[in-house]
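Feature annotation from TrEMBL assigns transmembrane segment to 12-36, 48-71, 98-120, 187-206. Per TrEMBL, domain 'RDD' is recorded for 18-132. Per TrEMBL, the feature domain 'PsbP C-terminal' maps to 224-361.
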Amino acid sequence: MDIKNVVSKYNFSILILRFFAMIIDILIFAVIFLYLELAFEGELNIKMIIRIFSVILIYYSLLEGLTGYTWGKLIMGVKVLNKDLSVPGFLKGIIRTFIKILEFSPFLLFGLVSVIFIFISKDKRRLGDVFTNTYVVRMKDLQLLYYNKEKIDSEELNYTEVICHNVLLNSWIKFINLTKELNIKKIIVKQIIPIIISITFILITYKCSDYINISSNKVLTGCKDKYEITLPEGWDENRKLNSDAIFQLSNEKNKNYIIVISENKEDIIKELTLEQYSNIIKSNIHKSIDNARIENSKNTKINNHKGIQFEITGYMNKIKIRYLYIILETKDNFQQIIAWTLDSNYNYDKEKMLNIIKTFKEDENKFNDNESI
């Protein structure tokens, strides 16, 4: 009994096993995307789509291609095999994955066509199985299949030994050496090279997606191009936050806000150090924020400008807010960069807001030129 005869006897249960295997794989993808902060980075964009696609492609191509399993298939007890019971290989893994993505696209009704195809197919195969000539087998049937294969191989080997006994005996050592050499080549070609290709593909994909993401950023300038800050997708100017700020920025969907207030050193009564200026700001925080608590104060540096960074937790209109406060000292100014969001969102959104703050620049030469005029 060969693999084709075995799968032709499968009923509706094989479809159930494959469905739950796919659900498990989807849950694994969800965990990966959450960890990489891809799935919930904001609105769906090209960068996210490229990264999701690369993860799915490598996951299925490597696991199914080189082992016959994904984690979902392993848990549900099914395996992908060629007709000769070997694993599909990396190339077939890629083809199966591309067809799988196509099958679950709107063009094929999000997998409905694939389900119907499995139902009407005599050997219960989807389009990807047919195009790559592979089969999905229950693990409990593998023992019988391997036993039949070994029996056939053994009979063929015995027949060959009877016919070619003298030839095999005289060339035995050469045969063993050649087999070892071929095994090494087989391992390199079928396992090591695909892994190297996959790692290279991931690195190239992520680099390209970063480049694409850069093109979607917006660069804002203020005060006759003296100041500059870069906004990622989802962020816009918001002129209702603080009329004294040179930049008023928001991501309304995530309730994230940033303002930049510049104060010329010449407007300050006495000469202050960065630390003294920072202490004055801290001492006045309670006037605008109820129950303000300052914590995590530390030195920082942004674009070669020294600064002091701290966090503030407090209430505005009975809503708990958390602030990321950075005070920078430039040649002629003190810059107050204030980012805030809901306290419940802060730990997740802090790095995103900080990345925007790090793009803030002051063109000191242009400022000096303007002064001389």
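Just so you know, the numbers here start at 1 and follow the chain as drawn.
Backbone N, Cα and C atoms are what each Cβ position is placed from, and that goes for glycine too.
Note: TrEMBL annotation is automatic and uncurated.
The predicted model assigns the domain 'RDD' (18-132) a mean pLDDT of 78. For the domain 'PsbP C-terminal' (224-361), the DSSP-based tally of helix, strand and coil residues reads 31 helix, 68 strand, 39 coil. Residue counts for the domain 'RDD' (18-132) under DSSP, helix first, then strand, then coil, are 81 helix, 5 strand, 29 coil.
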